[in-house]
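Colleague: There's a structure below that I have some questions on.
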Amino acid sequence: MTRRDIGTDDPRVRVRPGKGTRPRTKKRPSFEDAIPGLVTAVDRGRFTLAIKGQTASVQAVKARALGRKGIIVGDRVGLEGDTSGTPDTLARIVTLQERTTVLRRSFDESETGTKEKLIVANATQMLIVVAAANPEPKTGMIDRAMVTALDAGVKPLLVITKTDLDAGEGLTREYEKLLPVYLLRREDYDATPSSTVPTGVPATTTTPPDPSPLVALKAALEDEVTVLLGHSGVGKSTLINALVPSAQRVTGQVNTVTGKGRHTSSSAVAFSYRGGWVIDTPGVRSFGLAHIDADGLLAGFTELATIAKDCPRGCTHREDAPDCLLDSHPECRARVASFRHLLAEIPKPY
Ligand SMILES: Nc1nc2c(ncn2[C@@H]2O[C@H](COP(=O)(O)OP(=O)(O)O)[C@@H](O)[C@H]2O)c(=O)[nH]1
Ligand SMILES: [Mg+2]
Ligand SMILES: [Zn+2]
């Protein structure tokens, strides 16, 4: 480095360093020390996060560095600031990890056109929840949810609740070939966990009964990130409470006038469960598929996609398509009708 000429050799004369030697702050901070967290709830710009190995949840806001990037439940982020979870402390979300999956639905806004809503990030499974009765199950909803899941690379599972009101056999028959089906019994929800069986009770020597569907479902949730989706009033929150008693989700009565449940929760919330996460969501009213194209829709009807492989070249598989092979499988009639009903929602590519 050359010395600047300061007009004198007197060593007692000192000058302040010029502007050019000031450290530059152009380089963005790398946030290498950010603490990893998982977003468990979002409420108007406030985020609740879980940090591995820490019981207390953390409240945080989004740092300026993230710009307009949206953050949703299930997102894995980097945190700075006070991450102790002490009441009245606030951390900052400084980084957002790339999502492995995103579940989205589109909905119609008559003035602004179709909009898209992100439901949850990084889910590995979707638990489609329907009630065997009250509210009546809608197969269209199940089909839509399956399409959404498969399009996002998320594994769909079907849970049928309220089997005390209706056995749910028809639904089971229709769907058990397509995805795992769990016919849950509410009496299993309150069964005493084996770890809390009081001592002094004589051990039974008879062979244990078949594990209940709830036990099988619990095993399927292990180490997975599972989002529960279904109409309001089908029993999602009741099931979450059975799985995670500390969740204390508010459950609502089904409105006897409209048959629709009241909306008792306003956004998704994640609960830690057996090495993974279960995510309760508010009841979805609509499940638009505008973000999915015709091929994506067909891929969501796995058994129909297999049949349609041999359709004439360029077959649209629509009602008016000549020689569409979907018409020669009467055993699939209901699903073909459902597929074509949804296809009509998707704009033709020309
Ligand atoms: N009969 C019956 N009612 C149930 C069952 N599961 C939930 N419910 C009731 O259905 C209503 C809606 O349940 P909730 O969990 O709030 O549904 P969500 O809107 O899907 O979260 C509540 O009154 C529950 O008590 C069930 O297995 N059988
Ligand atoms: Mg609920
Ligand atoms: Zn066809």
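Quick reminder: no glycine exception, Cβ is built from N, Cα and C everywhere.
It should be emphasised that the depicted structure is a prediction, and the values quoted were computed from it without experimental measurement.
Look at TrEMBL and you will find Thr161, Lys162, Thr163, Asp164, Gly230, His231, Ser232, Gly233, Val234, Gly235, Lys236, Ser237, Thr238 tagged as GTP binding site. Taken from TrEMBL, the feature Zn(2+) binding site covers Cys311, Cys315, His317, Cys324. Under the heading compositional bias 'Basic and acidic residues', TrEMBL lists 1-13. Feature annotation from TrEMBL assigns compositional bias 'Basic residues' to 14-28. Per TrEMBL, the feature domain 'CP-type G' maps to 112-287. Per TrEMBL, domain 'EngC GTPase' is recorded for 121-285. Per TrEMBL, region 'Disordered' is recorded for 1-30.
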Colleague: I want to verify one value. Collapsing DSSP to three states, which class is Val234 (GTP binding site)?
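Modeller: For Val234 (GTP binding site) - judged by DSSP and reduced to three states - the answer is coil.
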Colleague: Over the domain 'EngC GTPase' (121-285), what is the model's mean pLDDT?
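Modeller: Looking only at the domain 'EngC GTPase' (121-285), pLDDT averages out to 86.
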Colleague: Using CB atoms and a 10 A radius, I'd like the single residue among the binding-site residues Val234, Cys311, Cys315, Cys324 with the highest neighbour count.
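Modeller: For the binding-site residues Val234, Cys311, Cys315, Cys324, the Cβ with the most other Cβ atoms within 10 Å is Val234.
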Colleague: Does any of Thr161, Lys236, Thr238, Cys311 have a Cβ within less than 6 Å of an atom of ligand 2? These are the binding-site residues; tell me which, or none.
Modeller: Lys236
Colleague: Which binding-site residues out of Lys236, Thr238, Cys324 lie by ligand 1, going by a Cβ under 6 Å?
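Modeller: Checked binding-site residues vs ligand 1; flagged Lys236, Thr238.
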Colleague: Return the member of Cys311, Cys315, His317, Cys324 nearest to Val234 (GTP binding site) in space, with distance defined Cα to Cα and candidates limited to these binding-site residues.
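Modeller: So, of the listed binding-site residues, the one sitting closest to Val234 (GTP binding site) is His317.
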Colleague: Given the binding-site residues Lys236, His317, which one's Cβ is surrounded by the fewest other Cβ atoms within 10 Å?
Modeller: His317
Colleague: Ligand 3 is in the model; which of the binding-site residues Gly230, Cys311, Cys315, His317 have a C-beta less than 6 angstroms from one of its atoms?
Modeller: Cys311, Cys315, His317
Colleague: For Thr161, Thr238, listed as binding-site residues, tell me which one has the smallest number of other Cβ atoms within 10 Å.
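Modeller: Output over binding-site residues Thr161, Thr238: least Cβ neighbours within 10 Å is Thr238.
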Colleague: Which ones in the same chain are close to Thr163 (GTP binding site), with CB under 8 Å and 6+ residues apart in sequence?
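Modeller: Looking at Cβ-Cβ distances below 8 Å from Thr163 (GTP binding site), excluding near sequence neighbours, one finds Ala132, Leu183, Leu184, Arg185, Arg186.
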Colleague: Which three-state DSSP class does Cys315 (Zn(2+) binding site) fall into?
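Modeller: It is coil.
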Colleague: Measure from the Cα of Ser232 (GTP binding site) to the Cα of every one of the binding-site residues Cys311, Cys315, His317, Cys324, then give the nearest.
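Modeller: For Ser232 (GTP binding site), the closest Cα among Cys311, Cys315, His317, Cys324 is found at His317.
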